[in-house]
Amino acid sequence: MSEWFGGPHAQAAWHLWSWKASASLSSTSGEKLGRENDEFPPLFVPDYTPAFRNLAGSIAATDPTHLAAPLIPFSMPLLIETIATAFTDAFGHDATLLVRAPGRVNLIGEHTDYNGGFVLPAAINKEIYFAVALNGLNRVRLISYDKQERYEVALTAKPLQRGPIQWANYLLGVVAQFQQQGLAVAGFDCLFGGTIPMGAGLSSSAAVECGLAYALNQLSGHNVPTLALAQLAQKAEHEFAGVLCGLMDQFASLMSQANHVVRLDCRSLEYTYFPFDTTAAQVVLCNSGVKHNLADSEYNVRRQQCEKGVAVLRKHHPYVLTLRDVTLKQLEHHRAELDDLTYRRCRYVLEENERVLAACQHLLDGNLTAFGQQMYASHAGLRDDYEVSCPELDALTVAAKGLPGVYGARMMGGGFGGCTINLVAPAQVDDFVRVVSEQFKAQFGRPLEVYQARIVSGVGTVPTAASPSA
């Protein structure tokens, strides 16, 4: 989904916003953020650039010897402490709740979720962190740590409406969904920031939505089931971000288990966890550096094209609600009634669903080579039939396919940019990074960002001084 989040510190040119004590944090609402009529103290953040670099595990591969490094254990607590301290400095009181919300990868099953199909995602250790507390002011006060901006709005009897600031709308949409469901939301303060690279297709927007939904559920004691929180966050993205996404991103951020991938049936919402052997294959992400904004791109167009195909097939098969209800045989039988573009869009989705099911069986069989072949076929379909790839993604996939120790590779996410996902034998990761980085730099004239991803559990709390057992 649209990548408005994740820090500037998650980019190749690493840096962390540092504000002097005399500088004011910019207000994107046009209002000064304060306690009653007083301004908040200015926000000061020390420069923790080296720690943030270690945390995200990013590689700015400016030379062939700059290889992937494991995460530094102390870095995540340092980032959480920084977010908590920034919250206190900005709002004048401590956060009562700290939440971590992960981004996600999807091993296979792209553009199938909004077609009622199958997906195979997992949460990863590229995360957004929230410091949150009730404020007793009947106002929502938000600070984007990474964007150096804040936004404030009053709570009223009516659900919140979209505002002029895009990043804030993802959070306002979550509040509005609680309100529309009759779930009371009291005034709260929220500061968030993280390490999900912007524009990389790792679903930072879903992490923001799910992190806040989880936090509000905890603060308000509503006990909304986790799956329902995912659906609430999905609806927030539909209505406040304008992206008609499926449920996969929000589901993965909230429902994932460490060291497992999860197959979600987006029609029935049944799901199955599959162990993922990280000693056999490392998830490596190669960022094309091509940014995408799905709300302003072809994402919604692809959904409309699939719905066009469904409408034609429903004339002959009234039970057809989504492409999940269609077989390849039925699609071929009615091909003459479909224009070529619609036919190819539909064919891709039906074949991708079959690939997901086959890939899951390969995981159970321990056959990573066969699993990887499904990934390559997925990329070919996304490139040729669904037409959501780009030259950089194609080149990265081709480069990976010819290297020792690479089981599979494909573009990942909504497309038009973002990352490729690669399954690489751990012993071959360093060589993989070196060779692919060299080829990418030679072809496109810029360094390649690479991330080694660890599969983690979904959204959860982080212990605070106020709640050490959280």
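Cβ from N, Cα, C; glycine included.
The model shown is predicted, which means the values in this text are computed figures rather than measured ones.
Residues annotated as domain 'Galactokinase N-terminal' in TrEMBL: 86-133.
The Cβ of Arg104 (site 'Transition state stabilizer') lies under 8 Å from the Cβ of Pro121, Ala122, Ala123, Ile124, Leu202, Ser203, Ala206, Ala207, Met248, Asp249, Ala252, Ser253, Ser256, each of these being in the same chain and 6 or more residues away along the sequence. Taken from TrEMBL, the feature site 'Transition state stabilizer' applies to Arg104.
Positions annotated as domain 'GHMP kinase N-terminal' by TrEMBL: 169-256.
For Ser205, Glu237, the entry in TrEMBL reads Mg(2+) binding site.
Sequence annotations record features per position, and here TrEMBL assigns active site, proton acceptor to Asp249. The Cβ neighbour count for Asp249 (active site, proton acceptor), using a 10 Å radius and every protein chain shown, is 32.
Annotation source TrEMBL lists domain 'GHMP kinase C-terminal' at 364-441.
The Cβ of Ser205 (Mg(2+) binding site) has 32 other Cβ atoms within 10 Å, all protein chains considered.
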